[in-house]
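According to Swiss-Prot, the disulfide bond annotation covers Cys11-Cys23, Cys17-Cys29.
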Amino acid sequence: DFPLSKEYETCVRPRKCQPPLKCNKAQICVDPKKGW
């Protein structure tokens with residue numbers, strides 16, 4: 001299994017973001033509270 005990506009790291013499959021980060025259209029993990 002892959003480690004969860006931190007802020008501004010990739011979330012290209014099969015990588016996933018650490019909560020509460022979300023994957024944006026550029027496939028980067030971002031904090032939704034800060035906007036996209």
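Cβ coordinates are placed from backbone N, Cα and C, and glycine is handled just like the others.
Within its own chain, Cys23 (disulfide bond) has Cys11, Lys16, Cys17, Cys29, Val30 as residues 6 or more apart in sequence whose C-beta sits under 8 angstroms from its own. All protein chains shown were included, and the count of other CB atoms within 10 Å of the CB of Cys17 (disulfide bond) stands at 20.
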